[in-house]
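Per TrEMBL, active site, proton acceptor is recorded for TYR24. According to TrEMBL, the active site, proton donor annotation covers HIS101. The feature substrate binding site is assigned by TrEMBL to ASN75, HIS81, ASP88, LEU102, SER103, ARG112. The site 'Transition state stabilizer' annotation in TrEMBL covers ARG19.
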Amino acid sequence: MSKLIVILNGPNLNLLGQREPETYGYATLADIEADCAALSGELGLVTRFEQSNHEGALVDMIQAARGDAAGVIINPAAYTHTSVAILDALSAFDGPVIEVHLSNIHKREAFRHHSYVSARADAVIAGCGAGGYALALRHMAGLVSG
Ligand code: DHK
């Protein structure tokens, strides 16, 4: 049976394609979801792709992944820089975690340079735009193989 990878997206990422495209690109979240679904098939994985603007809802999604997912890929968006709750939920998940940012957060404002999630992430991808999700999925395939 194919392993399930949960791909989670935080606040305002539902506006991708319209929101500050010079920073976040022109791909929509639906475009990224379609690319991830196609690639996961090639990699022998299945993906569940979710987005919420609410911290508690993201915590619930991470907790749900404990039951059925082999790995979690997460772009926590603004919660990257604020959320101990998301860090704690990820710490209660046993499988690999990959943190993705569309932009290079280290090249931006100082308040974006710190990530709570990085304390748990097995890998971090930043600054590769929408393509960062495909890089994360390819790396995840290796982490969950075997
Ligand atoms: C997305 C956001 O919404 C910001 O709050 C983060 C992240 C960066 C991204 O680059 O994907 O600071």
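Here the Cβ of each residue, glycine as well, is placed from N, Cα and C on the backbone.
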Response to the item:
Simplified to three states, DSSP reports HIS81 (substrate binding site) as helix
Item to complete: For ligand 1, pick out the recorded positions ARG19, ASN75, SER103 that have a CB under 6 angstroms away from one of its atoms.
Response: ASN75, SER103
Discussion item. Let me make sure I understand the span of the substrate site: among ASN75, HIS81, ASP88, LEU102, SER103, ARG112, what is the greatest distance between any two Cα atoms, in Å?
Written reply: 24
Response to the item:
Densest Cβ environment (other Cβ within 10 Å) across the binding-site residues ASN75, SER103 belongs to ASN75
Worksheet item: Nearest to the residue listed as 'active site, proton acceptor' in three-dimensional space, by Cα, is which of the recorded positions ASN75, HIS81, ASP88, HIS101, SER103?
Response: SER103
Item to complete: Give the sequence-ordered list of residues that share a chain with ARG19 (site 'Transition state stabilizer'), lie 6 or more positions from it, and have CB atoms under 8 Å from its CB.
Response: ASN12
Worksheet item: From the Cα of the residue listed as 'active site, proton donor' across to the Cα of ARG112 (substrate binding site), what is the distance in angstrom?
Response: 11
